[in-house]
Every structure is written in structure tokens, then in C-alpha cells.
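S.K.: According to Swiss-Prot, the protein carries these features:
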type: BINDING; residues: H128, C163, C167, M174; note: Cu cation A1 binding site
type: BINDING; residues: C163, E165, C167, H171; note: Cu cation A2 binding site
type: BINDING; residues: E165; note: Mg(2+) binding site
type: TOPO_DOM; residues: 14-26; note: topological domain 'Mitochondrial matrix'
type: TOPO_DOM; residues: 55-199; note: topological domain 'Mitochondrial intermembrane'
type: TRANSMEM; residues: 1-13; note: transmembrane segment
type: TRANSMEM; residues: 27-54; note: transmembrane segment
Amino acid sequence: AICSLVLYLLTLMLMEKLSSNTVDAQEVELIWTILPAIVLILLALPSLQILYMMDEIDEPDLTLKAIGHQWYWTYEYTDFKDLSFDSYMVPTSELPSGHFRLLEVDHRVVVPMESPIRVIITAGDVLHSWAVPTLGVKTDAIPGRLNQTSFITTRPGIFYGQCSEICGANHSYMPIVVESTPLTHFENWSSLLSASSSL
């Protein structure tokens with residue numbers, strides 16, 4: 001709409017149908033200011049509604065709580081009774097051959113693929129940020145506040161991330177590993193972990 005108006009006025013000016021009095025007039029300046037403002041408002045209102053609707057998952061298949069600490073993550077599967085664990089980076093001296101240095105953890109976050117997952121994120125001490133770029137997720141972890149994000153994995157695989165908020169001396173030693181598996185594998189994993197934590 002704006003481009004069409006500009007081209008129309010440019011054509012009128014080139015054909016000399018607009019006099020210098022019209023071009024320099026306050027009415028034209030007022031139109032040049034108000035019309036783009038109205039167009040921007042008409043674009044912004046639906047965009048904001050869509051932005052908020054995209055962030056909400058009404059009924060996720062799984063809710064996961066991630067708590068940032070200096071310098072590890074705690075995960076709680078809130079849909080299960082006793083399913084929680086701490087996830088620390090595997091030191092380079094203990095890293096198995098073929099694994100990524102500074103990215104591998106002792107306990108991965110396992111999620112079922114093709115299921116909407118809600119992650120509730122907070123921190124226990126200082127600011128952190130739960131970021132997994134390949135899933136398009138980055139959410140700040142703030143002490144005393146619950147932030148949420150969501151994602152759906154469409155294929156099995158391992159997705160790596162990091163704390164992306166400088167949180168102290170060992171900030172770069174807070175990797176995040178999300179493992180996406182078929183639902184049956186996830187159910188087997190969760191029942192094994194629940195059984196071992198209840199011992």
C-alpha cells in the first residue's frame with residue numbers, strides 16, 4: 001500500500017500535475033506521517049496476537065522443568081512421580097572416544113519425538129539461559145521466575161545446546177543435550193529411570 005502510494009505520487013510529480021505549493025504543503029507532510037503509522041499499527045496488532053498464540057501450548061504431551069545451577073542443570077519430568085536428575089558435563093578426561101568435548105553430559109534429556117514438549121525454565125542461583133539452537137529454543141532462566149518455551153522434534157536424534165548467559169567462571173561447562181526418541185523407547189527409558197530412582 002505504501003509503495004503504491006509513493007509510486008503514484010512520484011508519477012504525478014514527474015508528469016508535473018503537482019505544483020510546488022502542493023508538494024511543500026503541510027497537508028502532504030501530514031499524510032506522509034499518518035498513513036505509514038496507520039499501516040504499521042494495522043500490521044502490528046495481528047502480529048502481536050499471533051506471537052502470543054505461538055508461544056502457548058494448551059495441552060503438551062510432556063512437561064519438563066529445567067533448573068539452572070552453577071554449573072549444571074537439574075531436570076524434573078513433572079508428569080512422572082519420581083523422575084528427576086542432575087545433568088553435569090562429562091570432563092574431557094572421562095569422555096568416550098567419538099563424543100563431543102564440552103558438549104556431552106552424564107544424563108541426557110530424553111523426549112518422545114513428534115510430541116509437543118513444554119519446558120518450564122528457572123534458576124536456583126544466578127541468571128542462566130536454556131538454549132538449544134537446533135530446536136530453535138532459547139529461554140532465560142531467572143531465579144524466582146518461571147519462563148516457558150516449547151518445541152516438537154520431528155525426527156530421532158541428539159540436539160546440543162549450552163547455557164547462553166554468562167553465569168560465572170564455569171559458564172562454558174553447562175551443556176544441554178536433548179535426545180529425541182520414538183515413544184516406545186521413551187517409555188522404556190522413563191520406567192527404568194523411575195525404578196532406579198525409587199531404590
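Note: Cβ is positioned from N, Cα and C throughout, glycine not excepted.
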S.K.: Out of H128, H171, give me whichever of these binding-site residues has the highest number of other Cβ atoms within 10 Å.
M.R.: H128
S.K.: Count the Cβ atoms, other than its own, that fall within 10 Å of the Cβ of C163 (Cu cation A1 binding site), considering every protein chain shown.
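M.R.: There are 26 such Cβ atoms around C163 (Cu cation A1 binding site).
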S.K.: May I have the list of same-chain residues other than C163, E165, C167, H171 whose Cβ is within 8 Å of the Cβ centroid of the recorded Cu cation A2 site, in sequence order?
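M.R.: After dropping the recorded site residues, what remains is G68, W71, V126, L127, H128, S129, S164, I166, G168, M174.
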S.K.: From the Cα of C163 (Cu cation A1 binding site) across to the Cα of H171 (Cu cation A2 binding site), what is the distance in angstrom?
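M.R.: Here the two Cα atoms are 7 Å apart.
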S.K.: Give the number of CB atoms, excluding that of E165 (Cu cation A2 binding site) itself, located within 10 Å of its CB.
M.R.: 19
S.K.: Within 8 Å of the centroid of the Cβ atoms of H128, C163, C167, M174, which other residues of that chain place their own Cβ, given that this set defines the recorded Cu cation A1 site?
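M.R.: The surrounding set, listed in chain order, is G68, Q70, W71, L127, S129, A141, Q162, S164, E165, G168, H171.
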S.K.: If you count the C-beta atoms lying within 10 Å of each candidate's C-beta, which of the binding-site residues C167, M174 ends up with the smallest number?
M.R.: C167
